Amino acid sequence: MAHSPIIFITGGVRSGKSHFAEQQAHTIAKKQGRNLVYLATAVSFDVEMTARIERHKLERKDDGWRTIEQSSQLPTLAKKLQDCDLVLWDCVTTWLTNELYVRASDSASVAWQNPHHFAGMIERTKHFIMLLQSRQIPLVIVSNEVLDERISRSREVLFFQQQLGQFHQWLVALSTQAIEMDYSLPYYWKKDGDVL
């Protein structure tokens, strides 16, 4: 049995990746008769972010989206999703940042300070993605390209860069399409499962 598509879209800040991801999701959903689910991972931490989240909700309101706000622990969503859904996850970078600061249940330290706990969370998330794939639920994944900068001297930032880079590589290997956005223009690194 063929797996459902996974489309990975990355790019810099304000590169047009979210808009492009929404277009891709709409095209697939219309073609396959699927429900649109927007998996939003942002956390409202100030007035500007709150306004941005509300603006995005309003933009999607009349566009057929069901929004699920989940800043961390994505595997808990498996039971909330139906096999007729298409999930747009926006975005990996925000989710990973949120997960870095979750407190391990058996520790006073945050996740990035507890590599064993963090590795378990990554594995559970990978399993969740593969579960969606096995259920034939298409997945459009958005992330930020933040790895073009020099390697940080901060242990915390370096840990984030390493984890994001490894997770991106895993996602691209699993994806049917890998697209980098620049100036609202898509560059395909992988299409129909083939590296270009």
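All positions are counted from 1 along the displayed chain.
Just so you know, glycine gets a Cβ as well, placed from its N, Cα and C.
Annotation comment: TrEMBL describes His56 as active site, GMP-histidine intermediate. A 10 Å cutoff on Cβ-Cβ distances gives His56 (active site, GMP-histidine intermediate) a total of 17 other Cβ atoms nearby, all chains included.
The GTP binding site annotation in TrEMBL covers 11-18, 40-42, 57-60, Glu69, Asp90. Taking the Cβ of Glu69 (GTP binding site) as reference, residues of its chain lying under 8 Å away and at least six apart in sequence are, in sequence order, Ala40, Thr41, Ala42.
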In the chain carrying Leu58 (GTP binding site), residues 6 or more apart in sequence that have Cβ under 8 angstroms from it: none
For Gly11 (GTP binding site): intrachain residues, at least 6 apart, with Cβ closer than 8 Å: Lys17, Asn144, Glu145, Glu180, Met181, Asp182
Protein Cβ atoms within 10 Å of Arg14 (GTP binding site), excluding its own: 10
His56 (active site, GMP-histidine intermediate) versus Arg14 (GTP binding site) - Cα distance in angstrom: 14
